[in-house]
Amino acid sequence: MAAVETRVCETDGCSSEAKLQCPTCIKLGIQGSYFCSQECFKGSWATHKLLHKKAKDEKAKREVSSWTVEGDINTDPWAGYRYTGKLRPHYPLMPTRPVPSYIQRPDYADHPLGMSESEQALKGTSQIKLLSSEDIEGMRLVCRLAREVLDIAAGMIKPGVTTEEIDHAVHLACIARNCYPSPLNYYNFPKSCCTSVNEVICHGIPDRRPLQEGDIVNVDITLYRNGYHGDLNETFFVGEVDDGARKLVQTTYECLMQAIDAVKPGVRYRELGNIIQKHAQANGFSVVRSYCGHGIHKLFHTAPNVPHYAKNKAVGVMKSGHVFTIEPMICEGGWQDETWPDGWTAVTRDGKRSAQFEHTLLVTDTGCEILTRRLDSARPHFMSQF
């Protein structure tokens, strides 16, 4: 760390003189960030590093090359970045949509860095919350509403529709149900849902690219209502797709459902990855390792951690009253991923397609309840597109 003029340490609760500044902040041009010692710096790292991410994201947005299509849409906003596949972002993004003040908001909604302090307080713990009957009813409600919103998005999937238009509809549908769209400002995510097209594994940011015939697109919805989050996603076909896309999406859904069939008290969370990877590999596909299922209730992401790959080291045994997601991401090629310069969009390193399905589950005495199931059909939407 570089020596600087004397300042007051920025660690919460410390008023010592600070003579050291974070070297990364100096490099990124972030003002302030003074600490009295390496110990204070390390103790503040979990929160402090978010400043780096935000600064990098803002820098990436400024590094705009020449316009490459007609009008005001830029399909190459990050000069020099080598894309892994054919998909390109369509910038600039539309402005972040407001949420009315009467809608109850999670703790990160108005945080300048989008940080959830309630999640940070429990970071690193492996203790899994047992939900009360009141908690369970809260989860049933928000998951049912999240399903309604995903079904609205499903009805919009066709060539020519932009993911920005889907996000707009999702945002309005959340507000109409007195819900906050959980992704919005979660660690500064700029939209109300995630839309992941073709080689995008997850966390795709809705933009003005029209969906094209032959695409596959995942829409990931999470709602917040009365203090609880409900989370689900599905992958859809855009018009007519090739046989490879059909097999990938079908297999991904089967991976999810086979894992769900194993959920009951006494099962180790690590076992789910063995089930998922066995089925994926039997069909010639790979399983993403960087992103996992998670506990969910009053916190968006919490224990347990639920990896989808085999021989993982996940901690915990299922008990009645646990609520968590399973959301396998299955790839045509290799499982390795990288992230676009926007800091969010995860893509396959080889540029091949990836699909995903997700449900929020409640462990019961004899098995599990799929809280985000369709109420009008036992089939996912893509099966109606065959």
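Note that Cβ sites are derived from N, Cα and C of the backbone, with glycine treated the same way.
Annotated Zn(2+) 1 binding site per Swiss-Prot: Cys9, Cys14, Cys36, Cys40, in sequence order, evidence recorded as sequence analysis. Cys14 (Zn(2+) 1 binding site) falls outside any helix or strand according to DSSP and counts as coil. Within 10 Å of the C-beta atom of Cys14 (Zn(2+) 1 binding site) sit 16 other C-beta atoms, taking all shown protein chains into account.
Classification of Cys22 (Zn(2+) 2 binding site) by DSSP places it in coil, neither helical nor stranded. Around Cys22 (Zn(2+) 2 binding site), a 10 Å sphere centred on its CB holds 23 further CB atoms from the protein chains shown. Residues or ranges marked as Zn(2+) 2 binding site in Swiss-Prot (evidence: sequence analysis): Cys22, Cys25, His48, His52.
Here Swiss-Prot flags His203, His301 as protein binding site. Its Cβ taken as reference, His203 (protein binding site) is surrounded by 20 other Cβ atoms within 10 Å in the chains shown.
Non-local contacts of Glu358 (Zn(2+) 3 binding site) by the CB criterion (under 8 A, 6+ apart in sequence, same chain) comprise Asp220, Asp231, Leu232, Asn233, Glu234, Leu256, Gly293, Thr325, Ile326, Glu327, Thr372. What Swiss-Prot lists as Zn(2+) 3 binding site is Asp220, Asp231, Glu358.
Residues or ranges marked as Zn(2+) 4 binding site by Swiss-Prot on the basis of sequence analysis: Asp231, His294, Glu327, Glu358.
The N-acetylalanine feature in Swiss-Prot is assigned to Ala2; the stated evidence is similarity to another entry.
Feature annotation from Swiss-Prot assigns zinc finger to 6-59; the stated evidence is sequence analysis. Counting residues of the zinc finger (6-59) by DSSP class, helix then strand then coil, yields 27 helix, 10 strand, 17 coil.
Within 10 Å of His301 (protein binding site), counting C-alpha to C-alpha distances, fall the following of the binding-site residues Cys25, Cys40, His48, His294: His294.
Cα separation, His48 (Zn(2+) 2 binding site) to Cys9 (Zn(2+) 1 binding site), rounded: 13 Å. On the 0 to 100 pLDDT scale, the zinc finger (6-59) averages 79 in this prediction. Across the structure, Cys36 (Zn(2+) 1 binding site) and Cys22 (Zn(2+) 2 binding site) are spaced 11 Å apart at their Cα atoms. Of the listed binding-site residues His52, His301, the Cβ environment within 10 Å is emptiest of other Cβ atoms at His52.
Its Cβ taken as reference, Cys25 (Zn(2+) 2 binding site) is surrounded by 19 other Cβ atoms within 10 Å in the chains shown. Ranked by CA distance from Cys40 (Zn(2+) 1 binding site), the binding-site residues Cys22, Cys25, His52, His203, His294 have Cys22 at the top as the closest.
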